[in-house]
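Summarising the annotation, Swiss-Prot assigns signal peptide to 1-25 and lists sequence analysis as the type of evidence. The N-linked glycosylation site annotation in Swiss-Prot covers Asn58, Asn116, Asn164, Asn194, Asn307, Asn320, Asn349, Asn391, Asn403, Asn421, Asn543, Asn553 (among others) and is backed by sequence analysis. Taken from Swiss-Prot, the feature GPI-anchor amidated asparagine covers Asn629.
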Amino acid sequence: MGLTRNFILWILLSSLFTAIQLTSSQRNTPPPRSKDADLCNGVFVSYTYLTGTKIKPNDTKNQPYRFESEITVLNNGRDELKSWQVFVKFAHREILVSATNAVLSDGSSLPASVENGTIFAGFPSADLKTAIMTAGDVTQMEARVELVGTQFGVAPPSVPLPKNITLVNDGWSCPKPTQQGSNVLQVCCTPNPNITTSKIGQKFLPRQEGDLTIMYDVTRAYQSSYSAQVTIENHNLLGRLDNWDLSFMWMKDEFLFSTKGAYPSVVDSSDCITGPQAKYYKDLDFSNVMSCARRPHIIDLPLTKYNDTNVGRIPYCCRNGTILPRSMDPEKSKSVFQIEVYKMPPDLNISSITPPQSWQIKGNLNPDYKCGPPLRVSSSQFPDTSGLPSNKSAFASWQVVCNITQPTPPKCCVSFSSYFNDSVIPCKTCACGGCSSDRVARTCSTTSPALPLPYQALLIPFDNRTKLTNAWAVLKNRKVPDPLPCGDNCGVSINWHLATDYRGGWTARVTLFNWGDTDFVDWFTAVELRNAAPGFQKAYSFNGSIIAVNGKNTTVLMEGLPGLNYLLAEKDGKNPSEDFRIPGKQQSVISFTKKLTPGIKVGSKDGFPTKVLFNGQECSLPSVLPTSNSHRKHVSTFLLILTPFLALLFLRI
């Protein structure tokens, strides 16, 4: 009896073990490789949809579904594929929750919306070797990226395939992908014949060009730590950064032990104390550790710290986070700082160094930058510190390339005015956003066009303009919408005023207003005048010059003269309880000749800019231009006398 019972128990356990094995194998078995992969003599890329299920909440109009997919990148070519990158054009409002063996090249952390498509970069193994160099070892030739995420609207058994998948590495050409069955999208990419094979197959990738580059140079390496120098360099003609904030993500539990030339925005070692770092480094005083955050934020030091022997004394450091374009000052177009990094097991050898991923950089009222993954490049060269006429190579170097993207919405706006119209065309309604909430929509109109203003309203904060704006509308017989249009919500506004237009030339007046709480040091503005720029003569209170942008001499660059390079923040009036706040202001008249621009139509269009940038950030422009008042000659004098009295009357009601 006992023997029979033991036998039955053994049968049950064996069945359970077999079932577990089968279930495990069913879940983990990768999809079989396509036969087309063997026919591809380049890089074979495929996207395979594996499974999907309905998830909460239940919503017939906007139902979410979990999806699991796999990206395969197989190098069947003759040359090693360095730092592979694959673009996937998702099409169903996908939210990516996890991805193995890859990171998002734009630095986004998961979960992340990828509905507009995204680029995957290989990590931790970024390079795919060839069959020739590995004797056909597929594990070194191939990368498999397992994706888990959420998509909307495609219920099983339908398959939410992306619209496109392609290799984006330089030097490769990919045709339109083909669909195999219902769940596979694949493409075979081959070397671009216009690029030599030697360039593709070289040991390191060539340094790339971009609006902003970041070099991560390892200068000293030890078993459990290393030192690195980070160089941020601006290459854009009109781009800049103010109060730059640089962040990245450690991938293997590294932590920031010390810094020179920059500083973490938050000094905190608590994540190490509660994490594996304190268990391994038992004798380390973590009170001296700079940051244990997985994504530390690094900021520049103030000028006063440049000669500080503890945190400063680094060339190109300590400038309050200001990086100017080379067109303004080449010496101030880069920032440099140094860090000391502690590693964790199992990477405790000198050669095991993993650069941080997901780089992001931003500034205060500056262009938005999108950064790619760090790419291994040839080691940087540094002058020998001993003074000998030789260079010293970095232990290893990686380059991060960042490019400017046009944000939506912008952060500055422009108003237009002219000598032939007594009203100002103001900045657009909601020009800089801030109008999406229901509360805002209930208090003002987000769609009504901004009301024309009298000139003196430009000096008054938007919230205090209501009475003056209404009075001006009544005076000009304009209908006042209810509710009134929302404000522009911009931290900086620029007024372009067409001042004169005569036979031999014309003049304009540019006024910059700072409505924010931060001073702008070494500010600049760039104005594109497509037809009028060749006639530029002089900016009387600014330093002005013509610069070539994209090969065209159509842009006037203006910056503050020595001693006038500060655009101060908004401040209280003399009597804060009664007076309006006062914006920081800079103003100059600029003159043009018509000798080089015959036939120019100054008043109708050519005298107004087609693009305006402030500190590298493109500003919102009005949709209409000032027009000539046919009756203005009869009433202008009367209005000039009456307007101040109306303003005074309505502002004191």
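Cβ atoms are placed via backbone N, Cα and C, with glycine included.
Nearest Cα neighbour of Asn391 (N-linked glycosylation site) among the listed glycosylation sites (Asn194, Asn307, Asn403, Asn543): Asn307. Distance noted between the C-alpha atoms of Asn58 (N-linked glycosylation site) and Asn320 (N-linked glycosylation site) is 51 Å. Comparing Asn307 (N-linked glycosylation site) with Asn320 (N-linked glycosylation site), their Cα atoms are 14 Å apart once rounded. The Cα atom of Asn164 (N-linked glycosylation site) lies nearest to that of Asn553, taking the glycosylation sites Asn349, Asn543, Asn553 as the candidates. Neighbour list (Asn543 (N-linked glycosylation site), Cβ cut-off 8 Å, at least 6 residues apart, same chain): Met558, Glu559, Gly560, Leu561. Straight-line distance linking the Cα atoms of Asn320 (N-linked glycosylation site) and Asn403 (N-linked glycosylation site), rounded to a whole number, equals 22 Å. Across the structure, Asn553 (N-linked glycosylation site) and Asn403 (N-linked glycosylation site) place their CA atoms 23 angstrom apart. Here Asn421 (N-linked glycosylation site) is compared against the glycosylation sites Asn116, Asn349, Asn403, and the shortest C-alpha distance is to Asn403. Note: the CA-CA distance between Asn349 (N-linked glycosylation site) and Asn403 (N-linked glycosylation site) rounds to 34 Å. According to DSSP, Asn421 (N-linked glycosylation site) is assigned to a strand segment. Asn116 (N-linked glycosylation site) counts 10 other C-beta atoms within 10 Å of its own C-beta, drawing on all protein chains shown.
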